[in-house]
Amino acid sequence: MNASLPAREDPGSLPHPLPKLGVVLVAAGRGERLGAAEPKAFVRLHGRTLIEFGIGVATSLPHGGHLVVVVPDSHAVRALEIVEQVLPEGSEWLVSVVPGGRERHESVRFGLEALHDTVEVVLVHDAARPFATAALFERVIAEVRRTGDAVVPALPVADTLKRVDAEGVVHETVDRAPLVRVQTPQGFPRELLAAAHADAALLSGAEPGRSAPTDDAEVVQRAGGRVRTVPGEVRAHKLTTPADLALLEAIMEANVAGIAEGV
Ligand SMILES: Nc1ccn([C@@H]2O[C@H](COP(=O)(O)OP(=O)(O)OP(=O)(O)O)[C@@H](O)[C@H]2O)c(=O)n1
Ligand SMILES: C[C@](O)(CO)[C@H](O)COP(=O)(O)O
């Protein structure tokens, strides 16, 4: 394990074989929509912080890899303590903690920059989705390796969709058949994602009618890359507002992965 800040390798502690899989766990958001006293990734569900769940699932993946946990500067020491607690003795995972940026895409870039040189496939995962399963991680990794494309977990849209104006007046019903809701972990060939994130123009919402990308798949798509989907999971729900807390606690209490897994 490497639990330094910023990530620095102690060659004596590098796992063997050297990591080919990288996971960037983005946990540096403030959680303004949740309105908690702590940054969102440090909020607890039944006594465990969100970040603990994310570190736990990533480092449960077989064959090891390099996990980079991106946190607010103010919580770096706390994050290192959590890594020490969660990582089993003898784990094949190299784990680093690095400080995040003001925007999500900046945090992702800092995480990518900290990845070990040998990483070939990278997953970017929101700490705010604590119950994504190892099976979902594996599904995404397998599809990236099979296709060489970017891969995102997706769920169908269950509700009727309407386009409304600023006053909330409905103008039309939108065909939902070609629409999906996407989640994390999102997977990429490392070079594809790193090159896209290095191009500042792709990250800007400055052009008229173009907002800043809200996920990494869109950054890659703007760079001309192909993005595929695999089935997502209902239980990989994101903690965004206080209402999501109740939903996630219910998922945790039910502990019925078989039922809660999506399509
Ligand atoms: N500057 C940021 C912003 C977001 N994130 C991470 O990106 C994930 C998804 O972001 P979101 O749910 O929007 O989190 P927040 O930015 O914390 O939420 P809010 O917009 O309500 O403040 C979260 O795990 C969050 O910690 C991050 O690492 N760095
Ligand atoms: C990355 C993401 O979780 C994929 O669904 C989502 O785009 C984050 O969006 P947010 O508006 O920053 O919460």
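Cβ from N, Cα, C; glycine included.
Database features (TrEMBL):
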- ARG33: site 'Transition state stabilizer' (SITE)
- LYS40: site 'Transition state stabilizer' (SITE)
- ARG176: site 'Positions MEP for the nucleophilic attack' (SITE)
- LYS238: site 'Positions MEP for the nucleophilic attack' (SITE)
Local Cβ density at ARG176 (site 'Positions MEP for the nucleophilic attack') - other Cβ atoms counted within 10 Å: 13
ARG33 (site 'Transition state stabilizer') versus recorded sites LYS40, ARG176, LYS238 - nearest by Cα: LYS40
Nearest-integer angstrom distance between the alpha carbons (Cα) of ARG176 (site 'Positions MEP for the nucleophilic attack') and LYS238 (site 'Positions MEP for the nucleophilic attack'): 21
Entry from the recorded sites list ARG33, LYS40, LYS238 having the most other CB atoms no farther than 10 A: LYS40
Integer Cα-Cα distance in angstrom, LYS40 (site 'Transition state stabilizer') to LYS238 (site 'Positions MEP for the nucleophilic attack'): 11
Secondary-structure category, per DSSP, in which LYS40 (site 'Transition state stabilizer') falls: helix
